[in-house]
Amino acid sequence: MNAAGGGSGAQAAGVAAGNISLSHNALLSTASGATTMPMAQLADGWLELESDPGLFTLLLKDFGCHDVQVEEVYDLQKPIESPYGFIFLFRWIEERRARRKIVETTAEIFVKDEEAISSIFFAQQVVPNSCATHALLSVLLNCNENNLQLGDTLSRLKTHTKGMSPENKGLAIGNTPELACAHNSHAMPQARRRLERTGAGVSSCRFTGEAFHFVSFVPINGQLFELDGLKPYPMNHGGWEDSEDWTDKFRRVMAERLGIATGEQDIRFNLMAVVPDRRIAITHKLKMLRTNQAIVSGTLQKLLKADEQGESGNGDSQRPDTPTTLLEPSAFTARDLQSLLKNLDTEIAINEQHLTDENDRRHMFKVDASRRTHNYDKFICTFLSMLAHQGVLGELVSQHLLPSKKVSGQGAANRISKQSNTASAGGSTTGASASTPKTQQQQAAAAKNGKSPSKTPGRRRKGRNKCRKRK
């Protein structure tokens, strides 16, 4: 379905843009100017993205949501701390029979009540190649705003699309300039060339036989929802026990889903979790540890000073009072406080290293993004042109072609050798009929003269050696 044109699409575009007046032929670009597109082709110009947690983390930051990150999940049984939701990506070679079974399995849990659908953020994917952004928004816009700062763009989108149909919500996403430009700024140059070659009507997330597709799993009002932009309705997998976390319910659903899929078709998948920025929790823990360190250190100094005054004969000295109720001087000796202070120093060093590792990861996310989005075509063409101008390009090409020719020649020789070995082995099993004509003539002449057939040189030498030993 094309998002361009139509009353609902124009209305959604105006609402999502926050009533910003834009020219029909205006060019939209990111802050760096790396991505530009005509306004008329906004919904048709979305590019395909890779499934990478670093890319998704930077994309969330570009959306204006700074306190969130995306992590890849390698083990379903490993506990994950405070996830907002999960994004399930699978590469799927579609088959009608397997597709029908999955549809029949999920059709029973469709939520078709319009009031229930409008109370959550569920958007149908009506814009090609926008499935990555759809999956992220399906998680973020269904979270409690008290626990998550969405930023201006996402907050405005959530407010203005409240009460819209899933189709119009999908159109609003596709026609939001900030989202489109942020999305395309992380695409590889090959994705743009592929879009220009195939046209905007083809989506790797929707229309091809072999497709990458994103599905979101989010807890909403005590129920586990599966939000798939290619399905007509959201899916409710039900609640979980009071003694369980919602992730336990998710694990069971995923185990069942993977069992169905792998039993019917070839499926390759990965799983990502949308979680709070780990640096926030580490920074908060470091602040608490340093506060405790200061308290323990101050108490220890006062205790040592009091002990020194007591040893000097000052009977009026009293044991120091601690500034908080964290430590009671009567309950700890100087040795206990020194041991506690050492443990705090170790914990601080460990968490400082964790914070450094997280910052290094963010830096590598940016480095990988620069390498991913950079267009190397000009460099490669210039490099090859310089080699050709210097007259060494042909020689380099021939050098790289010669090994392949040698390998192919060796392969042919090996095949011929195997065939000859097979023929000789087969001939040796036929007994006397395998003797050569020359050998048959020698044996006939020896029999005619009344002599035994001549021995081979090896046997002749062996007989001479035996005679020498007897002598």
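Just so it is clear, glycine is given a Cβ too, placed from its N, Cα and C backbone atoms.
Sequence annotations record features per position, and here Swiss-Prot assigns domain 'UCH catalytic' to 45-276.
Per Swiss-Prot, the feature active site, nucleophile maps to CYS131; the stated evidence is sequence analysis. Neighbour count (other Cβ atoms within 10 Å of the Cβ, all protein chains): 26 for CYS131 (active site, nucleophile). When secondary structure is read from DSSP and collapsed to three states, CYS131 (active site, nucleophile) falls in the helix class.
According to DSSP, ASP228 (site 'Important for enzyme activity') is assigned to coil rather than to any helix or strand. If you take the C-beta of ASP228 (site 'Important for enzyme activity') and look for same-chain residues 6 or more apart in sequence within under 8 angstroms, you find HIS213, VAL215, SER216, PRO234, MET235. Here Swiss-Prot flags ASP228 as site 'Important for enzyme activity'.
The compositional bias 'Polar residues' annotation in Swiss-Prot covers 314-326.
In terms of DSSP secondary structure, the domain 'ULD' (375-403) contains 24 helix, 0 strand, 5 coil. Residues or ranges marked as domain 'ULD' in Swiss-Prot: 375-403.
In the predicted model, the region 'Positively charged C-terminal tail required for binding nucleosomes' (405-471) has a mean pLDDT of 54. The region 'Positively charged C-terminal tail required for binding nucleosomes' annotation in Swiss-Prot covers 405-471 and rests on similarity to another entry.
Marked as compositional bias 'Low complexity' by Swiss-Prot: 422-447.
The compositional bias 'Basic residues' annotation in Swiss-Prot covers 457-471.
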